[in-house]
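Going by TrEMBL, these are the annotated features:
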type	residues	note
COMPBIAS	218-227	compositional bias 'Basic and acidic residues'
DOMAIN	35-131	domain 'PH'
DOMAIN	152-212	domain 'FYVE-type'
REGION	218-255	region 'Disordered'
């Protein structure tokens, strides 16, 4: 399919249409050899509540964003290189069906499809693109993945101390290492994790101690080892929080106590052929 569509007018028109829908807020997507393979609406598990997102699958990247007007306007564009993607199928819950996790070294999050068939199509096409890219570059599949953020509504108390109860005045925070929902007292530390961000990020007390121990162990193993150079991929942000949709209605029902943390009634758009 990629060879058939590459450098064709129809492919150029499709990519131009996607760029136009994102407008000036989006990045240029047309590069030599890039092919738009499919698109559709999936439900993304965000910090506040599940929200519909538009997804575009290219042969080398996955692009998604918030829906302002379907087929006409999108914003909050995110670009994920497929070389860094690993997929994990998740079991259904009472709240969400046909789920899977998109895991990368910088951002991991859960999405759900409108049907089992749709999920199979997405996973099949994603895995095929990933295999092709890894074969082409000679790279090994990624083994380090950012922790997905557990939704705010999943717990009313801090997941570390289990004492602090969240309220309007007592905010929820997320540890960037484990993704747990924690209170301020349990997440006062910051730690530099170059894989995620050039700036120190909030981590819970337990993860902070573990990270310090790992850093000390690495330093003792080779004190003269130079620091690796980490290059940021444009449009590729640190591990998932909400998608900054301030216009979204954040009112949501509380999650049942037995929720596994990780539905969509939107229609499937189908892959291009």
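Even glycines carry a Cβ here, placed using N, Cα and C.
Where the annotation comes from TrEMBL, it is an automatic prediction and has not been curated.
Computed from a predicted structure; not experimentally measured.
Using DSSP to sort the residues of the domain 'FYVE-type' (152-212) gives these counts of helix, strand and coil: 14 helix, 12 strand, 35 coil. Here the domain 'PH' (35-131) has, by DSSP, the following mix of helix, strand and coil residues: 19 helix, 51 strand, 27 coil.
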